[in-house]
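Positions annotated as signal peptide by TrEMBL: 1-25. Here TrEMBL flags 133-256 as domain 'L,D-TPase catalytic'. TrEMBL lists 206 with the feature active site, proton donor/acceptor. The active site, nucleophile annotation in TrEMBL covers 219.
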């Protein structure tokens, strides 16, 4: 007897296996496509996040030019634009008329029109971030810096008190100002854009010629444009109605450092050490002390109670002579 014919059954099984195989492949393709889409989506989302651009630090080196002859002096004046000459004068803490034959000056290897690029003060000072406005006066490097909430907005050269009449170091405050003040030392000396920060002693900042070393009678000499800037920018004290009591002190003026009379000017030392004029640890410690004192003073201030009269420290007594 012949066995039953099973071809249809086998054929059905074969066709069914092909169908399942096709469906399985389609599922795998679909899963693969979804996975590829997810990976592409993740990759695209990562690429959408912009990378933070970090500018490399600006490195400026310096050299000494002695200007030994009239030819070298003329070459200096012809080689640099007026704007670049002004930058060089500021770095050397002098006026243009102080550049003469035999005068040694320091010159940067890269010149910008903006003096901010040559600042010995840091661009940002976390220490000063809670103070709206701060004036720093460094006697060691004969420079000032203006900060707003710890951000450097301006710096420039100065001439502080000479060896016999030094500018007093310490935490001082802006008191009063005058566009034109007659010196108490010599009536022939006119002090434009005067801003007092030690009332009793009569010490302040103002415009006067910069010779390239400490030369004043305790005050701080500045270029005209710098003196005018501080005059407009810094805040004066707040007095009561009769002008006899200080309700609130003005912008803090932090004077620190000691000028070294025994060695060459610190800016000339930039030729051998480009970081020579930067703030040193000792100076930072001094500034920390000043900020601590400022913070203690601020705790006594109530902006909503201007009738509150504060006792005056020596050096901030109101006088009218």
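Cβ coordinates are placed from backbone N, Cα and C, and glycine is handled just like the others.
All annotation found in TrEMBL is predicted automatically rather than curated by experts.
When averaged over the domain 'L,D-TPase catalytic' (133-256), pLDDT in the model lands at 96. Summarised by DSSP class, the composition of the domain 'L,D-TPase catalytic' (133-256) is 10 helix, 59 strand, 55 coil.
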